[in-house]
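Colleague: Heads up, here are the entries from TrEMBL:
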type     : residues : note
TRANSMEM : 7-27     : transmembrane segment
DOMAIN   : 9-171    : domain 'FAD-binding'
DOMAIN   : 239-280  : domain 'FAD-binding'
Amino acid sequence: MSSTKKSFEVAIVGGGIAGMILAISLIKRNVPCIIYEKAHAFTEQGVGLGMTPNAVRAMQFCDPAVREAFEKVTEPPFQWDFLDGTNETNDSITRFSLGNTTIGLRGCHRGQFLRGLVELVPESMIRFKKQLERVEEHQGASGKLTLVFSDGTTAETDAVIGCDGIKSHTRGIVVGHDHPSVKCTYSQKYAYRGLIPMSQAIEILGPERAKASGQWVIQALKGLDRWGQFDLGDHPPPTYAKGRICLLGDAAHATTPHQGAGGGICIEDAAVMASLLAEDGVRCSADLEAAFATFDEHRRERGEWLIKSSRRAGELYQLQSEHGKDFQKLEAEIQVTSKKMWNFDIELNIQKAVRDLNKRLTA
């Protein structure tokens, strides 16, 4: 980690969870950065956000302050029970469980978590109402990149990291606007989502079932939004990096929500990226290109696995796989996949990436 302030600046396109945590991680490592957000302000709009154990560990590597912000808005880990809801039998029979109250899934409201993260980033480092249109690269001694925004303004920077989500415009800049991965495709799944006050749920169901049951949702939610599930499963980006422009988070590996892990992988990305850019050997344009190429090498495989495994999890959960209603086989596969997700060694991932980067820098 660099002990002195870096001489280069990073432009972060998008101020969502990924962009905000990346900025916090870079600030901690003395890497100057500016967030360019297309919205006019941050709001608390959003839905529930799931966090798996690997995500919580990655927060600590980004900056302990990120973990502290999460702890303020989350609940203790919970056990996820799987029931058979395909017939009229008693839905209280647990077929198998995932996680427990010590090591398990955790959740929070996305908007509340984002508000806590925003408090960790100085206002001077955030630019609102900035919709990126293109990035221009200049030849010459400065080697600067120019960001051109839809309002006609521009900004100079040394590197660009696209954290602009599932509908990322930066993705088209990296892979080409005619590449099939520019647009996410329908995953053949849809979800009905809505929010009701917990007080209402407890009044109807009692405290235990309000937290743990599922049948009541159909009756309790009067106004439902219909959500189609989109991801990059059909056409994942062939690369996350092009020169000094790189993709991170959902911009790189937008996924379905069946593993509750999309946000967590974004946080892993931020931990690795910040660690690479903080290396003492990263000083000039060529070094930044090497850092982004290293990130692509050490993060793309996991991002692609996330997309595929999440689609598969959806098939398993909805009894659409070759296992059907064989709960023994379902449990076996789900447990294996969950362990691969939850037990990921982010520290080792960072160490390998940093070693690789230093080899590239000295080659």
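Cβ atoms are placed via backbone N, Cα and C, with glycine included.
A quick note: this is a predicted structure, and the numbers were derived from the prediction, not measured.
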Colleague: What does DSSP give as the helix, strand and coil breakdown of the domain 'FAD-binding' (239-280)?
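Modeller: Per-class counts: 20 helix, 5 strand, 17 coil.
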Colleague: How does the model score the domain 'FAD-binding' (9-171) in terms of mean pLDDT?
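Modeller: Average per-residue pLDDT within the domain 'FAD-binding' (9-171): 91.
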